[in-house]
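Quick look at what Swiss-Prot lists:
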ACT_SITE  H97  active site, proton acceptor
BINDING   40-45, 116-124  3'-phosphoadenylyl sulfate binding site
Amino acid sequence: MNSEHPMTDRVVYRSLMADNLRWDALQLRDGDIIISAPSKSGLTWTQRLVSLLVFDGPDLPGPLSTVSPWLDQTIRPIEEVVATLDAQQHRRFIKTHTPLDGLVLDDRVSYICVGRDPRDAAVSMLYQSANMNEDRMRILHEAVVPFHERIAPPFAELGHARSPTEEFRDWMEGPNPPPPGIGFTHLKGIGTLANILHQLGTVWVRRHLPNVALFHYADYQADLAGELLRPARVLGIAATRDRARDLAQYATLDAMRSRASEIAPNTTDGIWHSDERFFRRGGSGDWQQFFTEAEHLRYYHRINQLAPPDLLAWAHEGRRGYDPAN
């Protein structure tokens, strides 16, 4: 374990549907891969890329969310999730939405961290919320988490339906984490800009650690085959440019959508109205329809309150904006 980041230094991140203390139940192995990203920032895309490298092809031994579970998510008993991971003989790769300061940093483990323009992530989260079966999520959560351990009732009623514009205003102005003892506040709706930039910031200050690597949604869009070579190098997996080009065809959004029941998260849990809609469009710039000129100005003022210029350049444009290797 990296002595610079012992277990006692972790921030506790407990929200309505996730608890990073669940990681304490898992014994990490030499060669494990942990993939961390804010919601709707390319985590599933990255899982697919890593799966293509680990299995050297498109076939999986089961649904991706079983092979590579979101360990923190409180809709499956942690004993069941750990038993599945302990039984795996291949190189393990595990999903989390926990910021890096909420994880144990282990020198034997590779940490693959992913970013996306926060505005695009928020739009994608807005559509994902509409695709989610909240009643099913509530049933699963309450079956796993004892009443006295629940942070708050999941999916509490907002009192009135909010427009996308209202959602985005709340997202932009939401509180800065972490409050004492808890990493994220009890959020409603699509979360907050502050949470996204906080999570990316926990990676940014650790990006020069030898086992931490940053990837970006925009870079995937620009050159998917080229980006597939980057995790191959980070993870020590041999792959030629030609092989990466062959494998990348299975990680396009169209290809993943065509196998949504296998690739989308939680498909075996029945939480989506449509598995295919999880891979909605995957584009950039849809946020512009929700932002007035005044909100554009407020957004730029807000992000400069929350993060330094180099991180903001990378967060919005990937390596074209700023190379995190610098």
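Placement of Cβ uses the backbone N, Cα and C atoms for every residue, glycine included.
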For D120 (3'-phosphoadenylyl sulfate binding site), the three-state DSSP class is helix
Densest Cβ environment (other Cβ within 10 Å) across the binding-site residues G42, P118 belongs to P118
Taking only the CA atoms, the spacing between D120 (3'-phosphoadenylyl sulfate binding site) and the residue listed as 'active site, proton acceptor', expressed in whole angstrom, is 17
Close in space but at least six residues away in sequence, with Cβ under 8 Å from that of H97 (active site, proton acceptor), the same-chain residues are A18, S36, A37, P38, S39, L43, W70, D72, Q199
Within 10 angstroms of the C-beta of R116 (3'-phosphoadenylyl sulfate binding site), the count of other C-beta atoms across all shown chains comes to 29
Cβ contacts within 10 Å for T44 (3'-phosphoadenylyl sulfate binding site), all chains included, total 23
